[in-house]
Amino acid sequence: MAQTYHTTVGSRSYRFANLAELMAKATPPRSGDRLAGVMAESAEERVVAQMVLAELPLTTFLNEALIPYEEDEITRLIIDDHDADAFAPIRHLTVGDFRNWLLSDHATSDVLTELKAGITPEMAAAVSKLMRNQDLILVAKKCRVTTAFRNTIGLPGRLSTRLQPNHPTDDVTGIAASILDGLLYGSGDAVIGINPATDNVAQSVKLMRLMDEVIQKYQIPTQSCVLTHVTNTLEAIEQGAPVDLVFQSIGGTEATNRSFGFDLSTLAEAEAAAQSLNRGTVGRNVMYFETGQGSSLSADAHHGLDQQSCEARAYAVARKFKPLLVNTVVGFIGPEYLFDGKEITRAGLEDHFCGKLLGVPMGCDVCYTNHAEADQNDMDNLLTLLGVAGCNFIMGIPGSDDIMLNYQTTSFHDALYARRVLGLKAAPEFERWLEEMQIFQDVSTHRLNDQLPAAFANSLRHLPKEPRHGT
Amino acid sequence: MAHDPVVENPWEWLNAFTDARIGLGRAGVSLPTSKLLAFQLAHAQAQDAVHCPLDVEALSSELTQALDLSEAPLRLHSHAQDRATYLQRPDYGRRLNDETREHLQKAAASQQRYDLAIVVVDGLSALAVQQNSAPFLGTLYQMLSSDAADWQLAPLTLVEQGRVAIGDEIGALLNADAVLVMIGERPGLSSPDSLGLYMTWAPEPGLKDDRRNCISNVRPAGLQVEEAARRFFLLLKEARQLKLSGVKLKDRSEDDVLEGDSASGSTRNFLVAD
């Protein structure tokens, strides 16, 4: 079954021991693959691997699993859920032809929507390795993945944001201040989502109630989420907490997910529990997943695969549970996996492309840590590229500075920059709310109100003005 | 004023209630110049902090004094010889180098069992470790010694160029039932000094993250050392009772909620005051 791959370029002959090695060596360079010892040994070997990969029939990926079927429930999910009818139109193609086909005029948004159940993560990963950044952008832009809960996310011409009001001690006034700041900058249509400072059930329930009260009082057409472990959210649901979305970090191998403390049956149980609450008004997508290249290697659960192939497999996990949002937290993991701005940018575009091709509602945490070789300029570039590519959502945080997770992501200002320069809008229900609340003077031209809107001015009267610190 | 291109936010004064960069104002929809430059300065300082080395000598004598130790902490070093290697090879940071492993093996030759091994690791912020270790451990030692149960502590260890998982190897070599790793977290723009606490029951090399419990953001402007020590001690006692740690051991410290200004479960705040 497993075959080796040989080719000769000039006087040099190359051999790739198996499909996993071929995939890894065809991958554009990044530090995580170097760390794993699976990267191409020379620039020439990389392109040779891409040439060999381009000749491979797509059906190879149905016959040869990168991780054995018997050993890994994600492989079983990918194979068992593969839709042969949807696959039929591209069944005869090689990986290289698949790239041509995706770029062709034939591959319209409707055709790509029909196709997604026939594509496996490995096919998406393989073709992405042959694609330039502009290819990843162009094809992703054609893919449409729309989801809904209290608003509709992923419509063409829309860019949503997760309002992320994290606070290092979960102080409710501090969190409320960040929520207010975000709302008044038009942020929060994807979700208002808090990473709690400490993972415990009671704390999570408290934060769920806090956000639920705000959403109800101001009648905000959005949803909330506390990004705690899935088993905590299950307990919170049992306790009667107002859970909109269930969060979990997921990876592309069973062993990765075991290291995160869950398996597919846990996610199925959580989805059913959240569905039973019936809290959505315009849709029933109740899951929020986060992913990121390097998590499998970090958990020593990568089975010798390159990190981008592992990442694409995580999207098979995601799509099984019909999520509202899937977020690749691309620069969070650090320089040992994605070394600099160039590697982070490439990975962000790959993840967005692979996710969208597979039918996953892809957003991106355009981010970096202080030990990576990256800065705000790199984030501006990736944000702009993803905006062009039709990314469903990005993060929104005060001044780009997450004071709880200690990393930098896109700010409320950044989202407005992207919306303005690319002519993108918030989710339609949320956009109407922004106008009704007079947060914008003119929402169509992205002109914010210079004054404090009345509803919020009222609320601020409840707070004693303490001496301002800083300037 | 009429043509001032910067629009200030009327809610800017809320920044008295959080360190988050709220109410920054805007030029159009973009950051005003002063706020842009303040951010760039903070980022430059955080990048510099990553590369600042731990002053092991100073920390060792500070801890010896503050904790009234009969012997100075054991000084260990990971397999990553310098910061550049450390940043690119996390696997090296997770295991001891040969020299200090032998050193530790000799120190643990008595085969005595311990209830807890405490491992202080530089991680990505030597500043965090330098600043918070002695106050935290002072509080924790007090709690342990005044507890009804007896707590046998393994020799304290200090590790350079280490990652969290290096505690598993150290805890196992020291025959400890549980290990506490105190490590400098990656510096944030507003928090170059944040300490993380990781507790593992029955440490051994090769354990995954699902076996650990974490308490993060321990620093003067974050989670206070007293509260951090209290939470850790509760976790430790529960781990000893159930003989496990990680996701199967939920953090259920007493009032169960963490809040800056009060220990209540109230969600009361100005946005929903009426």
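Just so you know, the numbers here start at 1 and follow the chain as drawn.
Cβ from N, Cα, C; glycine included.
Annotated adenosylcob(III)alamin binding in TrEMBL involves B:GLU185, B:CYS214 plus, out of the candidates B:VAL159, B:VAL164, B:VAL272, the residue B:VAL164.
Across the residues annotated as binding adenosylcob(III)alamin (B:VAL164, B:GLU185, B:CYS214), the two Cα atoms farthest apart lie 12 Å from each other. Within its own chain, B:GLU185 (adenosylcob(III)alamin binding site) has B:GLY123, B:LEU124, B:SER125, B:ALA128, B:SER194, B:LEU195, B:GLY196, B:SER216, B:ASN217 as residues 6 or more apart in sequence whose C-beta sits under 8 angstroms from its own.
Its Cβ taken as reference, B:VAL164 (adenosylcob(III)alamin binding site) is surrounded by 20 other Cβ atoms within 10 Å in the chains shown.
The Cβ neighbour count for B:CYS214 (adenosylcob(III)alamin binding site), using a 10 Å radius over every protein chain in view, is 17.
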